[in-house]
Ligand code: THU
């Protein structure tokens, strides 16, 4: 698939993002759910960060793939807005980000495009504002400060 120009001059190939997410998924640590997820985030300045889900015997400590990728981005000192997120999970249907991940994506990429895929069919392509309508984010919090 050819690279497509995106807003604010960022150019990327969505098929490449999904390929990377599918490849990194192999590193997921998911011995409890056996549901492996890989994620890639692309920032406006062209950097890519990958993540996988990391489960724990104390189940509620699980970290999702999207959150792993974004934590890696923040650890690298990057604050450039996220313009695209690719998520690939096991099974046929698209792996759409969970509610907590939607909130995390919204924090760093309120205009992000989200590509969600499984192992069959076409990816679901949407934007975070549609996955998290009327989302609460940094802008709203700043309004409340005096
Ligand atoms: N998971 C993700 O990594 N991202 C999501 O958006 C959905 C769920 C993981 C968490 C858990 O390790 C497994 O998938 C099953 O819920």
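Each residue, glycine too, has its Cβ placed from N, Cα and C.
A quick note: this is a predicted structure, and the numbers were derived from the prediction, not measured.
Record features (TrEMBL):
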DOMAIN    12-139  domain 'CMP/dCMP-type deaminase'
BINDING   53, 54, 55, 56, 57, 58, 59  substrate binding site
BINDING   64, 98, 101  Zn(2+) binding site
ACT_SITE  66  active site, proton donor
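Cβ packing within 10 Å was compared across the binding-site residues 54, 57, 64, 101, and the lowest neighbour count falls to 57. Across the domain 'CMP/dCMP-type deaminase' (12-139), the DSSP tally of helix, strand and coil residues reads 44 helix, 33 strand, 51 coil.
Each of the binding-site residues 53, 55, 56, 59, 98 was scored by how many other Cβ atoms lie within 10 Å of its Cβ, and the smallest score goes to 59. Of the chain residues outside the substrate site list 53, 54, 55, 56, 57, 58, 59, 29, 32, 60, 61, 62, 63 have their Cβ within 8 Å of the site's Cβ mean position.
Residue 59 (substrate binding site) and residue 98 (Zn(2+) binding site) have their C-alpha atoms 16 Å apart, to the nearest angstrom. Filtering 54, 57, 58, 59, 101 by Cβ distance to ligand 1 (under 6 A) retains the following binding-site residues: 101. Summarising the environment of residue 58 (substrate binding site), the number of other Cβ atoms within 10 Å of its Cβ, over all protein chains shown, is 7.
Residue 56 (substrate binding site) and residue 98 (Zn(2+) binding site) are 18 Å apart (CA-CA, integer value).
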